[in-house]
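**Q** If you scroll down you'll find the structure; I have some questions about it.
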Amino acid sequence: MLEWLFAEAFTLWGSPTTWLEVAAFVLALAMVGCNIREIHWGWPLAIVSSLMYFALFWRHRLYGDASLQVFFAVVAFWGWFQWLRGRRGDGSALAVMRLGRAGRIGTLAACALLWPATGLFLKHFTDTDVPWWDAFPTAVSVVGQFLLGRKFIENWLLWIAVNAVGVGLFAYKGLWLTVILYALFAVLSVVGWRAWRRQL
């Protein structure tokens, strides 16, 4: 019944683009637009687009990125709740803010630990041909998602790095529509950073 999703919609730079990739592309762009404007409907869009990208990445043996999409879908429920009802430690409503010094150090440490751990796992337990490149966006996105859920502005800096690496990774795999998406994500991450910075 869902086979049409894996049917070719068109060819982009010599590689077939499926309807699944097209639908995920549109939903993911809408999701980031909502995130920039702090519209909570971005979270359910994240759930659906993440599940679509899971199927797409798994077919292309990008297991780290595929697993990341499952993580995104699960954490999106938490993020949705945070944006609707989340509070700071002092009981104030969740609003855009900066990480403190300890938070910045913790963020860098988490990224520095998760990247090699994920890379080693992918290298030894999957048949991916790009374990380290697949691991970077996976690891850094985990940290970025938590920062986004709590409205820390630094999430946008992590997304810039993730999206820049993603462009190269998906180009290597011939997922050209996703390359365009991640290039747009990189630009939108800068837009998001600037929009949130105006609120500080």
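Backbone N, Cα and C atoms are what each Cβ position is placed from, and that goes for glycine too.
Keep in mind that this is a model prediction, so the values were computed, not measured.
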**Q** Can you identify, from 105-125, 147-167, the stretch that TrEMBL calls transmembrane segment?
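**A** Per TrEMBL, the stretch marked transmembrane segment is 105-125.
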**Q** Which residues of the chain, 6 or more past the ends of the transmembrane segment (12-34), have a CB below 8 A from one of its CBs?
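**A** Result: 4-6, 40-43, 45-46, 48-49, 52-53, 55-56, 174-178, 180-181, 184-185, 188, 192.
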